[in-house]
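Enquirer: This is the structure, below, for whatever I ask next.
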Amino acid sequence: MRTPLVAANWKMHMPVAPAVKLVGEMKAALRDLRGVEVVICPPATALAAVGQALAGTPYLLGGQTMHWEPQGAYTGEVSAPMLVDVGCRAVLLGHSERRLYFGETDEAVGRKVRAAFAHGLVPIVCVGESLEERQAGSADGVIARQVRAAVQGVAPQEFPRLVIAYEPVWAIGTGQTATGTEANRVAGLIRRLLADSGAAGAAEIRILYGGSVKPDNIREFLEQPEIDGALVGGASLDARAFAAIVRAAAEAGR
Ligand code: PGA
């Protein structure tokens, strides 16, 4: 049985002081709830402080992006060893905002996934189609391309640690969500693609849904057999809302 996972993507929000305050509120709201994995992905400037605030809890620290090289002349970037250095255990890779605004290609995402594994980070790889792609009937093809590129060259024994987040771009920050049934269908497609890509343990890989997840819609996704949790943006900036989502995931895992 796959342990549910809920990841918080704070995006470009939260200077250090409010970030630490939010972690304090989340800790109080969750009280070391078990049976669910929680990953908090603050902006790079708050990683160290949030990592300290999470010390002693079961919740993991994650980066929002990284470069594939371990070091070098890449102004503005952070590397996998640097994320590990401040206490990260996971990293979001290939978020649609990175793909759209920062030109992150499928090939770059693949390099980053391999680098994350090489440095012991759990890659949480985001895939998803745009509205135009969905309307054109090419959603499945886009997802297949993104998934195949992301896992190219990943060793079979690494696959069980991989996490994939299906985030339809048109559902991110819009208040619109995919239906539970459709998200489940796409998650099933992703799992088959992973098995075809050499993941002997494809059944162990966690697949999350993301895109306007809130406390009042999370159950629709958690009750789907192929969906193992959520990647949460906006609602993760509110301790009570995020805690309600995490609690629902813990209940779903029982
Ligand atoms: P949202 O963002 O929950 O605000 O839609 C999700 C994401 O971008 O990961």
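Placement of Cβ uses the backbone N, Cα and C atoms for every residue, glycine included.
Straight out of TrEMBL:
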{"type": "ACT_SITE", "residues": "H95", "note": "active site, electrophile"}
{"type": "ACT_SITE", "residues": "E167", "note": "active site, proton acceptor"}
{"type": "BINDING", "residues": "N9, W10, K11, G173, S212, G233, G234", "note": "substrate binding site"}
Enquirer: What other residues of this chain sit with their CB within 8 A of the center of the CB atoms of N9, W10, K11, G173, S212, G233, G234, the recorded substrate site?
Expert: I172, V232, A235, S236, L237
Enquirer: Of all the binding-site residues given, G173, G233, G234, which has the fewest Cβ neighbours within 10 Å once its own Cβ is left out?
Expert: G173
Enquirer: Where does S212 (substrate binding site) sit in the DSSP three-state scheme?
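Expert: It is coil.
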Enquirer: Between K11, H95, which of the recorded positions has its C-beta surrounded by the fewest other C-beta atoms within 10 Å?
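Expert: Comparing Cβ neighbour counts within 10 Å for the recorded positions K11, H95 gives K11.
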Enquirer: Considering only the recorded positions K11, H95, G233, G234, which fall within 10 Å of E167 (active site, proton acceptor) when distances are taken between Cα atoms?
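Expert: Near E167 (active site, proton acceptor), where near means Cα within 10 Å, the recorded positions are H95.
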Enquirer: Are there residues of the same chain, six or more positions away from N9 (substrate binding site), whose CB falls under 8 angstroms from its CB, and which are they?
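Expert: Counting only residues 6 or more apart in sequence, the Cβ neighbours of N9 (substrate binding site) under 8 Å are C41, Q64, L92, H95, G210, L231, V232, G233, S236.
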Enquirer: For the recorded positions W10, E167, S212, which Cβ has the most other Cβ atoms within 10 Å, all shown protein chains included?
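Expert: Counting Cβ neighbours within 10 Å, the top one is E167.
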Enquirer: Where the criterion is a Cβ under 6 Å from an atom of ligand 1, which of the binding-site residues N9, K11, S212 meet it?
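Expert: The qualifying binding-site residues are N9, S212.
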Enquirer: Among N9, W10, K11, G173, S212, G233, G234, listed as contacts of substrate, what is the widest Cα spread in Å, to the nearest whole number?
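Expert: Per the listed residues, the maximum Cα distance equals 14 Å.
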Enquirer: What does DSSP assign W10 (substrate binding site), in three states?
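Expert: It is coil.
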